[in-house]
């Protein structure tokens, strides 16, 4: 029987000093021997997805203590990718993932916590905490802050739903007036919560459901809705039960590595492909698998992408559909249910809330259940009132979306496409693979060939696009923006948004060793591995080289013969793998430290410390 980790600091004569300090935090004699649960919050006033979390940690803490545990809260950092976008702030986004994972490990191990509730929400916070949970392997429940309501506005007599990306695209479109841009800007992000489309934050929060580490509704219940409060309360109760199961009954099914097994990672990736999630999820899923010592690679993702159809399209892939619409259709449990009926799910795996995922689906998939709690949960609707307050409204949809032929969520017999929403491409331009969000690619450009327009940084690409250097038919290549070369693997949302604003969204392709925001759509291919800074072929591309992209056949090729490539490689080895033009970029000591250990995207951009 495993002993409570916290006994190290709460029992024995030699721990009198530690107990004295615990007493100074409010603990009493009766608390020593109870499980100490870390409440890992990520409140910050910088990020709309986290601005409402300030009091929610204590909400969970009170429930933990009512259930027989001792709750101790601490905070991690949280970077807003949208605010950090388009300038050197984006260099810090991906590295913050490792800092978050490390900070959780530091706090939990330093104080010998027995279990934890992770209160996350936005882009790097959920992945960082997920990595920490698998690294630590103590009972853990995830509960996120929830998605933002979609913006809604009447423009030129028509009601439209908006999100962050609409504001970015409109601002760069000369055909849209300053007045209309101002209306879009003021309406795009109306409430607290993670941005309203299937961007990285919401994608990752949905994947925690598929991994079995969060409760039904975690990925789709709006931040503003009163129903979301119950998820936080239940997380507090559930984590104490998990802790007691493991430490008092030696039940390893309460542990993250048992729950989030390889089969669960396959489920998460199948969900990601079916819902057309952000390409960033690939990076984070690979990193989390690495932390859990799970053999899950790009080859597994490629295998799944060839089997799983696209069952849902959400903004940015479908501009008029947002997370609130996915929720009305049954949320993630509904998509998982359709995958299960198609034989594409491992349903016999444990979760934090049910003995098996299959049993959970029987209760929470609205296509098959008469469970009143499920039907009530998925009727939670947007309130339509701008606010930064959690649980502040209780609006209900009059009816649920149960249309599996033409609705927001489709069954496997009526998919948006038989090909899934994500694909791994390989070829001489990306020997270790690259990723494209096929759900956001127009069918007319699934096969594309064009001359390379090469840029040595995102900044120069933005200038080139806005100054009309890029024309229809070009393949924009942005290199030296990988984990090591950036450093930090910036998101390329501005270049893709500006291509759209120039009317080139369906007329150009973009390839990079950097990554893309979850808000990106179009023929945008990221994570080219190896990256340029690691000697990848993307560093050998020259202006005008022809590039061939074939998504149906999963290939990406530079039309240059092997002898010429070998000559270019020899010359580049002599010069060093650095950008051809000097960049105005302040690479600090912190960023240099990250770059020194960062691996390419095909390994999740995790750190290679030369050991495991």
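One is the number of the first residue shown, and numbering goes on along the chain from there.
Glycine too: its Cβ is placed from the backbone N, Cα and C atoms.
The active site, proton acceptor annotation in Swiss-Prot covers 517. Listed in sequence order, 81, 82, 85, 165, 199, 200, 278, 280, 491, 492, 493 are the same-chain residues six or more apart from residue 517 (active site, proton acceptor) with CB atoms under 8 A from its CB.
The Cβ of residue 124 (Mg(2+) binding site) has 78, 79, 81, 93, 94, 96, 97, 100 as same-chain neighbours under 8 Å, each 6 or more residues away in sequence. Residues or ranges marked as Mg(2+) binding site by Swiss-Prot on the basis of sequence analysis: 81, 123, 124, 491.
Within the same chain, residues at least 6 positions away in sequence whose Cβ sits under 8 Å from that of residue 122 ([2Fe-2S] cluster binding site) are 47, 49, 50, 78, 79, 80, 81, 145, 194, 201. The [2Fe-2S] cluster binding site annotation in Swiss-Prot covers 122, 195.
Under the heading N6-carboxylysine, Swiss-Prot lists 124, citing sequence analysis as support.
Residue 195 ([2Fe-2S] cluster binding site) counts 30 other C-beta atoms within 10 Å of its own C-beta, drawing on all protein chains shown.
Neighbour counts of Cβ atoms within 10 Å were compared across the binding-site residues 81, 491; the minimum falls on 81. The CA atom of residue 195 ([2Fe-2S] cluster binding site) is located 10 Å away from the CA atom of residue 123 (Mg(2+) binding site). Secondary structure from DSSP puts residue 491 (Mg(2+) binding site) in a beta strand.
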